[in-house]
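S.K.: Below is one structure. I have some questions about it.
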């Protein structure tokens, strides 16, 4: 029995030691992760919080309350790392020199061109190249089935013949020396080729296997692992999990504040992903919780107001953006006034010197933030004015429920300007001369003359013309006679001297 109790005590002591070690490791990981997060070393912070999450979930369970803080900070560090990656490659290209391309081109030129070589070396290189080209031609002919063993034997026998013919003239000696040089260069080139051939054969052997390996590598690259999740997606999952766990467990003030912080970070994530409606919803929920828990001069309220104004401006809801920017400005100005009052009240108190220094530092930070918010407000006002100008411009396309002129709502019978014709001819108007029908008398059939009319003599026609002339002369003579009668009457009255006027004068005298 004594031995059993000793064994049990030893087992419990080992368990306590392991638990203590795990807790220490968790605390170390959390402390190191928070430090890295403050120092903007987000990759190290991600590693530390990831290890802490695995240890806590293994000890307490994945849905335990003890895991909430680790989940939250793990999500925040992932969000910051994703921002760094998305921000034009972050700061990864800061230490990279800008003239890498020029350096590569210079190296390539050095490989292919050597402008500082002397003439002797250039001549040697030319001879070697020519010899190599000749050997290449021979090799190609051998591959085609043209044996050249006889020529090779002759080339090998040339140095022997040159040794025997040492007594010949200088010209022949020069030629023999050149032949020796050429043969030596050819042999060197052949030796190099023989040494290179097994390498080439090893590279060229089994083309099918190499092709399959290349295709398999491409397929592996194209096929994405299902476990490979982006940092942004993983950050969203961890923040959502932390929010749910904080809501599920003890509803204390600190937990509520952490729920608000989870909503704030989820809203920032929505802005990064350009999901502005989701970001606005998270910011509004955060604001509701913060208004209940925080004082009116808290900087967290100003941060939430600012983020809401930013999200509304992205959605082109400029009135809401102005409202929240202005509220953020009011919070900051109220906090500056409060801090100035505290500084004045604690002035001269040596015990609160540190507090005064921190308060003065915060006032300086807030005074730097206020101009930024004022510039945001000015930008929103300008954007709103431009939008109003576009709404009233005649070139803007009319939306539904608007008239094309922009003067208000249009009726159902109205049409936009683009569909109204410029001029329309009324149906009752006189037709245009171009459209009027031409003379069609030539198309009308004329009545054929009767045979009696065709047989009439020409004399009847002459008689008719004479009758017409007689009638004209009679009318003329009748008119002339009437004029003559009138003149005769007047002459008679004048010659007789009897007129009506003298008789009337005589009657008056009587």
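Even glycines carry a Cβ here, placed using N, Cα and C.
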S.K.: Would you mind telling me which of 428-435, 436-443, 444-451, 476-483 Swiss-Prot tags as motif 'Nuclear localization signal'?
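M.R.: Motif 'Nuclear localization signal', as annotated by Swiss-Prot, spans 444-451.
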S.K.: What range among 388-394, 416-422, 465-471 does Swiss-Prot record as motif 'Nuclear localization signal'?
M.R.: 465-471
S.K.: Quickly jot the same-chain residues contacting the repeat 'TPR 2' (302-335) by Cβ under 8 Å, restricted to those at least six beyond its ends, or write none.
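M.R.: Contacts of the repeat 'TPR 2' (302-335) (Cβ under 8 Å, skipping residues fewer than 6 from its ends): 264, 267-268, 270-271, 274, 276-277, 279-280, 283-284, 286-287, 290, 296, 366, 369-370, 373-374, 376-377, 379-381, 383-384, 387.
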S.K.: Over the motif 'Nuclear localization signal' (465-471), work out the mean pLDDT and round it to an integer.
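M.R.: When the pLDDT values over the motif 'Nuclear localization signal' (465-471) are averaged, the result is 68.
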S.K.: Summarise the repeat 'TPR 1' (260-293) by DSSP state, stating how many residues are helix, strand and coil.
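M.R.: The breakdown for the repeat 'TPR 1' (260-293) reads 32 helix, 0 strand, 2 coil.
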